[in-house]
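Report on the structure given below.
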């Protein structure tokens, strides 16, 4: 049985989309000022010590101590990664071997990444909604710009790569707050935005540009936009709804001339049986969006390959849904 629903004007739409990508801008560092202030503060202390020692032995003891301190500091590695206890880490990917690692779907990626002894990426926490506060209409311009500096734009993403796998590639370079993949109607590949908790993680992630993920090397650049937040009331509330999300896709740029049956038959002929279909639109937009829930999760994964396919007169955009398709009081159509 398949349930098809259509919602007309004045309907609330999932706020899970992305701000359209644009050519990236350079990211500036704000660390030099703090470093300079620390240096100036330290010189005053050293001068006081130097005067005191010079009065006692002509400054030889002070010079000797400074040479020993300089020798100790010279042996430190300023680029060393923070030590993370093994109890706080768990493998993101497996199969690490000789600079290569296999993601869950069998793809292979290459690169030099910081890893633990068991071959997993070194990280603090898995990515999610923790960390920095998400943007909302009241977010100040300064906060918005700060979020953008913590975000990178990733292009040329293989259709079979999931958000979890993409985040797993970047999580070794900083804590990931959010990862959002979107389909590109003009390409068989996709693009994404990844937000880190700090600017250091975003700058370090730029080194991953050119890394093989799936069958294509990804491109990583600073972002000019930030990830649009998802309305928390739409997010899955139970384990059953999370399972529903795994079987659901979010489809945009749908030709208004297409009927519900047209869309259902298209996805069933290419991907698998459709359990529920909901279309949303109004009179003000030239296209519609839809949520397609399949009977099997494998069908939803296969549907991601349809992004960019011409359906009617427009190429559709397909991405994984972050929200389940919840039942209305009375479905308009039921198809067996």
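For all residues, glycine too, the Cβ spot is worked out from N, Cα and C.
According to Swiss-Prot, the feature compositional bias 'Polar residues' maps to 25-40.
According to Swiss-Prot, the feature domain 'RRM 1' maps to 150-225, an assignment based on sequence analysis. Within the domain 'RRM 1' (150-225), the DSSP-based counts of helix, strand and coil residues read 21 helix, 30 strand, 25 coil.
The domain 'RRM 2' annotation in Swiss-Prot covers 247-323 and is backed by sequence analysis.
According to Swiss-Prot, the feature region 'Disordered' maps to 14-47.
Sequence annotations record features per position, and here Swiss-Prot assigns motif 'PAM2-like' to 75-85. Taking the motif 'PAM2-like' (75-85) as a whole, pLDDT averages 60 in the prediction.
The motif 'Bipartite nuclear localization signal' feature in Swiss-Prot is assigned to 122-134.
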